[in-house]
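Structure record follows, encoded as structure tokens.
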Amino acid sequence: MSLSGLISTTTFKEQPAIVRRSGNYKPPLWDAHFIQSLQVIYTEESYGKRINELKEDVRRILEKEAENPLVKLEQINDLSRLGISYHFEDQIKAILNLTYNNNNALWKKDNLYATALHFKLLRQYGFNPVSSEIFNAFKDEKKEFKESLSKDVKGMVCLYEASFYSFRGEPILDEARDFTTKHLKQYLMMTRQGQNVDHDDDNDLMVKLVEHALELPVHWRMKRLEARWFIDMYAEMSHHHHMNSTFLQLAKLDFNVVQSTYQEDLKHVVRWWKTTSLGERLPFARDRIVEIFLWSVGLKFEPQFRYCRKMLTKIGQLVTTMDDIFDVYGTLDELSLFQHALGRWDINTIDQLPDYMKIFFLATYNVVNEMAYDVLKQNGILIIKYLKKTWTDLCKCYMLEANWYHSGYTPSLEEYIKNGWISIAEPLILVNLYCLITNPIKEDDIDCLLQYPTFIRISGIIARLVDDLGTSSDELKRGDNPKSIQCYMKENGICDEKNGREHIRNLISETWKEMNEARVGESPFSQAFIETAIDFVRTAMMIYQKEQDGVGTNIDHYTKDGIISLFFTSIPI
């Protein structure tokens, strides 16, 4: 048969076009050339000597005895909010130990501010037990908080902040939160209406503090951004209340010098991201290397963790890209092939993958192996199998969500959360972080960590729910899986999304109580590492502030402001 005859008698099946979704993500805000052009001014070499002198001055201040323990507590609180308490952990613990073990509490008797500040600091620094029953002293014969307390705005703010360190089964702190929230809102309303007589600079500062607290409590805020805000507030206070000028000088210099290390590290990760070509080759995915670096600073802001931040940023951007592959771009068959290849962790298996997956797999493979090699050099332990497990666990959860989407299945809220606290990638990030900051690494400890203990599960749940509040509206518009809000609504026959969102907010608040318990509970892991799990949540609450998506569709709002203040704007000295 002639070739022309073969062509004329053969029916060719046209391959159906693959329909792929789009996340409609905005391009990156930050130009790589701008990042590389940043001028580093406040270097350790130039300002290290002055910082060390100021640190010695602060140590002397902390070690100087005070007649009233409240003075020392205020110093600790100021150092914490200024972002420099990490230099003085030993001195702070020594002071708090004295107040914790001292039964003579006349200095705080009938003083709401002193009582609340002491309680807050003890819980903040992990002392246990610290009974919330001390606040019964501020109730009346009806067992309700005395209305007269509302006149003590400073004490009310402190009680409000303290209430966010509550455990389960502490109704008095729930009552305290409701009571203070109500009266602080009334205080703001009356001040705006000119009904507060004392309208002066002090009152203006108090209004700012109250507004800031009601927007989000300090316990829920990203530490470094909170420090940046409070440094400006402290400078304003110093003109009226004779705040400690040494504290302020150190806070400003410390912030600027640490910011310089962030600038250098940001240049590094931006160069790395450019060399991967993933931003160009996978244009459907979020190109958010600067925003992810902000997240790494939220987890470990101290200057000694530079390598940790750089590696976490690389890992975080890869996780974000993989999330978009599964959520937006990949077909079910492609995703299944990718899951198999990742499970094998063998570059010889990637020939069967589509091109966009090949380059992504190799980029991930190289970063994970680079990290494992560095840890092997430093610690003498091979961690590939541990890192691989975190990636395969995450991929398994992504795959389940993809199957839900393609089958049109809506899980129950419990089923959704059971998968979602892992798919938020918090377990992967924390296991990697543990390997980056721990020396020596003990196999028993990392085996335990890979069982994802309670503090990892709880922080993952909160982060997932916070993420859902910020992203569900945009994701549903493009046809994504139902989020926790919609799962709850369908399960309970609720039509009004406001009710669904309110339930998730309440669930977040209740789960925070479990997180507070985990901070002081028995664990083979250090309190500092457990605190990092909480910092993951704090950073999530900043990224998705006011229930907006600061990594996906709303990058030019709160996240942008945070990046500018932390990385690009130094504090005038």
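Glycine residues also receive a Cβ, built from the backbone N, Cα and C atoms like all the rest.
As annotated by Swiss-Prot, (2E)-geranyl diphosphate binding site applies to ARG286, ASP323, ASP327, ARG464, ASP467. Annotation note: ARG286 ((2E)-geranyl diphosphate binding site) sits in a coil segment as assigned by DSSP.
In three-state terms derived from DSSP, ASP327 ((2E)-geranyl diphosphate binding site) belongs to a helical segment. Feature annotation from Swiss-Prot assigns Mg(2+) 2 binding site to ASP323, ASP327.
Counting only same-chain residues at least 6 apart in sequence, those with a Cβ under 8 Å from the Cβ of ASP327 ((2E)-geranyl diphosphate binding site) are GLY23, TYR398, GLU401, ALA402, GLU475, ASP480. Summarising the annotation, Swiss-Prot assigns Mg(2+) 1 binding site to ASP323, ASP327 and lists similarity to another entry as the type of evidence.
Counting only same-chain residues six or more apart in sequence, the Cβ atoms lying under 8 angstroms from the Cβ of THR471 (Mg(2+) 3 binding site) belong to LYS483, TYR544, ASP549, GLY552. Per Swiss-Prot, Mg(2+) 3 binding site is recorded for ASP467, THR471, GLU475.
Taking the motif 'DDXXD motif' (323-327) as a whole, pLDDT averages 97 in the prediction. The motif 'DDXXD motif' annotation in Swiss-Prot covers 323-327.
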Secondary-structure category, per DSSP, in which GLU475 (Mg(2+) 3 binding site) falls: helix
Neighbours of ASP467, THR471, GLU475 excl. site residues, C-beta within 8 Å of centre, Mg(2+) 3: ASP468, GLY470, SER472, ASP474, ASP480, LYS483, TYR544, ASP549, GLY552
Entry from the binding-site residues list ASP323, ASP467, GLU475 having the most other CB atoms no farther than 10 A: ASP467
